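K.L.:
Pasting in a structure now, in structure tokens, and then I'll have a few things to ask.
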Amino acid sequence: GGCCSYPPCAVSNPQHC
């Protein structure tokens with residue numbers, strides 16, 4: 001959920017996802 005479910009955010013934060 002959250003950022004990792006939103007592709008641009010997941011791509012920008014791979015260390016989080």
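Each residue, glycine too, has its Cβ placed from N, Cα and C.
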K.L.:
In Swiss-Prot, CYS9 is listed as disulfide-bonded to which of the following: CYS3, CYS17?
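P.N.:
Swiss-Prot lists the disulfide between CYS9 and CYS3.
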K.L.:
Can you tell me how far the Cα of CYS17 (disulfide bond) sits from the Cα of CYS9 (disulfide bond), in Å?
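P.N.:
On Cα coordinates alone, these residues lie 9 Å apart.
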K.L.:
Return the residues near CYS3 (disulfide bond) by Cβ distance under 8 Å, restricted to its own chain and a separation of at least 6 in sequence.
P.N.:
CYS9, ALA10, ASN13, HIS16, CYS17
K.L.:
What are the non-local neighbours of CYS4 (disulfide bond), defined as same-chain residues 6+ apart in sequence with CB under 8 A from its CB?
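P.N.:
CYS4 (disulfide bond) has long-range Cβ partners ALA10, ASN13, HIS16, CYS17.
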